[in-house]
Amino acid sequence: MTEYVLLLIGTVLVNNFVLVQFLGLCPFMGVSSKLDTAIGMSLATTFVLTLASVTSYLVNQYILIPLDITYLRTMSFILVIAVVVQFTEMVVRKTSPTLYRLLGIFLPLITTNCAVLGVALLNIKEDHSFLQSAVYGFGAAVGFSLVLVLFAALRERLAAADVPTPFKGASIALITAGLMSMAFMGFTGLVKF
């Protein structure tokens, strides 16, 4: 049990996919201008990352390895991710039309979020078990969500702040992301892998 807790904490804080591994930067910068949209994107990405991580593990273990077609791993994982995203899109459209409209184009773009594919491929590289894959996917999603929501809250505060003209927009956003990354470096050494 301790192993899974350490894996979760390590994935969320120490090896954060956005701030440490630089995966998922497109939605991080694109959806983080409003807190409501960031929360919705976080929920959708959490669902997709966790489900895609587990599904990719199953596809790898029970289809690709037995048939000796592991060279199709990346293509297979992209297909699995696309199916999971389409399923998520249908669920969000039925349950929350407002959130569906708010997310707009970003919901289908989860398919191309490199963090989702990165989690699936890193599960294989790290030789995780089924449960470890689920925890790793969930931890990556929680870390992504945490950073996205914090960054969106900071950007809303920055929109109301008196920022010098040369730093407005993407400039101050990148500086803020860099400061967040340095803050997360403080968690280095918290969990040893």
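Glycine is treated like the rest: Cβ placed from N, Cα and C.
Copied from Swiss-Prot, the annotated features are:
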- 5-25: transmembrane segment (TRANSMEM)
- 39-59: transmembrane segment (TRANSMEM)
- 63-83: transmembrane segment (TRANSMEM)
- 102-122: transmembrane segment (TRANSMEM)
- 134-154: transmembrane segment (TRANSMEM)
- 171-191: transmembrane segment (TRANSMEM)
### Query
Out of 5-25, 102-122, 134-154, 171-191, which stretch has the largest tally of CB pairs under 8 angstroms to the transmembrane segment (39-59)?
134-154
### Task
Six or more residues out from either end of the transmembrane segment (134-154), which same-chain residues have a Cβ under 8 Å from its Cβ atoms?
4, 7-13, 16-19, 24, 27-28, 31-35, 37-39, 41-43, 45-54, 115, 119, 122-123, 126, 128, 176-177, 180, 184
### Distal contacts, the transmembrane segment (5-25) - CB-CB under 8 A, six or more residues away
45, 113-116, 118-119, 132, 135-136, 138-140, 142-144, 146-148, 177, 180-181, 184-185, 187-191, 193
